[in-house]
Amino acid sequence: MIKKVKFSSTLNSNAINLICGETTSQFGKMIFSIFSMWTAYAITQNQWYVGIIGTLQLISTLINPLGGILADRFNKRVLLLSIDLFRCMILLLCSLLFYLGYNNFFILAITVCLLSLGSGIFAPTFDAIVPEYIGRDQLLKVNGMMTTFFQAATIVGASAGGAIVWISDLYWAPLLNAITFFISVIFILRLPRLGNQQQFLTKTKDQNNFLKLFLEGLSYIRHNQFIINVIPVALVVNLSFWTIWALLPKWTSVFFNNNSFYYSALEICLSIGAILGGALLGILNKKFNKLGLVFIIGTIFQGITLIIFSLSHISILSISLWFLYGLFNTIGSSVYFTALQMMVPQKLLGRVMGTITTIFSITSPLGAMLSGVLNSMIRIEYLVFACALLMTLSSIGLLLIKDVVRLTANGLKDPIT
């Protein structure tokens, strides 16, 4: 049997180790992400190769379901350690090759591809391991804190990446990213072992049938009324947002004379709002007993802020509205994923989180494509308003889903399938 971790004595240190490990690795990933895009163009002088690097970074999204299967199949702590060590060694090799003068696009592309594969396995495994170390009463608080530090690391990492590209040689960025992954390994090692970790999956001839395991996770999603009823709403909300987000450069050009400061301010305030939203969840988590209502309110207000944004051409107001969007988005999404961690059986959590993450992530490229098609037919201000209105109306529909309304800090009031 799996040995239980004693939350009472190790909760604080476990939370700190999880948060610090994710934060340091995200900081390094952002440095390398900025570096890889810039280097792809610097080496080739061709925008097409930048697109290839961006496409390779999407591999992680596509293999999240596979990562979820591995998370449910193997020791999660060992799997996280293995992935971080793998990524650390890949980056050290890349740094060494760049240092020796082998700074060509092929090496960069292979590195990005392998790192993306590692991230696709790491993300669902990390989501699945959190409930094994954090008690149910602390999940929302810890998830909020993770979001805060994750967003902060994203901003600081992107800034550091830009600075490193400007002032240093090519090998420094992969070297620093390797160091952050090694630091992440140290934090994971500080987590208590989960016993012999006999896996949840029954040892049968189908144990290694990955398709069967994947379908098992899909079956749970299909029969869980909370998850299956929220997914259509979340898809509409995410697709609408990413369509608006892809229109921001043109919006800036049309209404603010292509002011790059305005565009940057929108993106930065979005992240700052997310940081504050996570912090609020961390501070006020005990006051949020009716999580379903918190989730609904946070999701509805996302749409409302963007409706007002679509009607406003005042820069200060627009920037403030994106700050509020980041705040409400973090509150809504953190509550949703905390609810999943509370209700999904541990033996299925990796597969469920991996599949749902992939489903939602697909809306980003789809939104980018839709923005171009729809904007060719609809004026940009009408299109942004329509997307924001669709987000709001879909979010209001959450009030009709009883499993969402009755969600509390202890999970659903009644058992669900």
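Yeah, the Cβs are placed from backbone N, Cα and C, and that goes for glycine too.
Nobody curates TrEMBL annotations by hand; they come from automatic prediction.
The feature domain 'Major facilitator superfamily (MFS) profile' is assigned by TrEMBL to 1-406.
The transmembrane segment annotation in TrEMBL covers 27-43 (among others).
The annotation transmembrane segment is assigned in TrEMBL to 49-71 (among others).
Positions annotated as transmembrane segment by TrEMBL: 78-99 (among others).
Annotation comment: TrEMBL describes 105-130 (among others) as transmembrane segment.
For 142-165 (among others), the entry in TrEMBL reads transmembrane segment.
Residues or ranges marked as transmembrane segment in TrEMBL: 171-191 (among others). The list of residues near the transmembrane segment (171-191) in space but at least 6 beyond its ends in sequence, with Cβ under 8 angstroms from a Cβ of it, reads 13-14, 17-18, 20-22, 24-25, 27-29, 31-32, 34-35, 39, 77, 80-81, 84-85, 87-89, 91-92, 94-96, 98-99, 111, 133, 161, 164-165.
Look at TrEMBL and you will find 226-248 (among others) tagged as transmembrane segment.
Residues or ranges marked as transmembrane segment in TrEMBL: 260-284 (among others).
The transmembrane segment annotation in TrEMBL covers 291-316 (among others).
Outside the transmembrane segment (322-340) by six or more residues, the chain places 127, 139-140, 143-144, 147, 151, 226-227, 230, 234, 266, 269-278, 280-281, 288, 291, 294-295, 298-299, 301-302, 305-306, 309, 349, 352-353, 356, 407, 411 with a CB less than 8 A from a CB of the stretch. The feature transmembrane segment is assigned by TrEMBL to 322-340 (among others).
Residues or ranges marked as transmembrane segment by TrEMBL: 352-374 (among others).
The transmembrane segment feature in TrEMBL is assigned to 380-401 (among others). Same-chain residues lying 6 or more positions outside the transmembrane segment (380-401) and placing a CB less than 8 Å from one of its CB atoms are 226, 229-230, 233, 236-237, 240-241, 243-244, 247, 250-251, 254, 295-296, 299-300, 302-304, 306-307, 309-311, 371, 374.
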Mean pLDDT for the domain 'Major facilitator superfamily (MFS) profile' (1-406), rounded to an integer?
83
Any chance the transmembrane segment (27-43) and the transmembrane segment (105-130) are in contact, meaning at least three CB pairs closer than 8 A with a sequence separation of 6+?
yes
Any residues 6+ beyond the ends of the transmembrane segment (352-374) with a Cβ under 8 Å from its own?
58, 61-62, 64-69, 71, 123-124, 127-128, 214, 217-218, 220-221, 227, 231, 234-235, 238-247, 337, 340, 344, 383
For the transmembrane segment (105-130), find every same-chain residue at least 6 residues outside the stretch whose CB is under 8 Å from a CB in it, and list them.
18, 22, 29, 32, 36, 39-40, 43-44, 49, 52-53, 56-68, 70-72, 76-77, 79-80, 83-84, 86-87, 90-91, 94, 97-98, 139, 142-143, 174, 337, 341, 346, 349-351, 353-354, 357
